[in-house]
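*Asks:* In case it's useful when we look at the structure, here is the feature table from Swiss-Prot:
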- G75, T78: Na(+) binding site (BINDING)
- 1-21: transmembrane segment (TRANSMEM)
- 32-52: transmembrane segment (TRANSMEM)
- 68-88: transmembrane segment (TRANSMEM)
- 101-121: transmembrane segment (TRANSMEM)
Amino acid sequence: MIQALLVAVGGAIGSLLRYYVGQWTLRLMGPAFPWGTLAVNVVGCFVIGVFAELIARRFNASVELRLLLITGFLGGFTTFSAFSLDAISLFERGEAVAGGIYTVASVGLSMAAVMAGLAVMRALA
């Protein structure tokens, strides 16, 4: 139960931060381009790289800290960071084909799923 709570707390903080970054970039740069989403995805990818190295590899941190920061906080801030870490991990393990398939499938299938969801709802309207 404590692990789920840590994920929830981290996720709430990450989600709030994502919201505030989105609002800030909207005020600063306007609505013509999704700057907020781009910002959280790039920053989240950098931060997950830092956390993965420090928490998991250098300090051998507890499962709870990983759940709070990586699964919770970064999961709430951006799921793109988790996707990117998974893809890089495949490439670093020498699994280039799997990494390429995972990357193309993740982006392609995600975009197809969004298009399908839009089409379903538009058809029902």
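The backbone N, Cα and C atoms fix where each Cβ goes, glycine too.
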*Asks:* Give residue numbers and ranges for long-range contacts of the transmembrane segment (32-52): same chain, 6 or more residues beyond its ends, CB-CB under 8 A.
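*Replies:* Residues 17-18, 21-26, 69-70, 74, 77-78, 80-82, 84-85 contact the transmembrane segment (32-52) from elsewhere in the chain.
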*Asks:* Which chain-mates of G75 (Na(+) binding site) that are at least 6 residues away have a CB under 8 A from its CB, listed by sequence?
*Replies:* V7, G10, G11, G14, A82
*Asks:* Could you find out if DSSP has G75 (Na(+) binding site) as helix, strand or coil?
*Replies:* helix
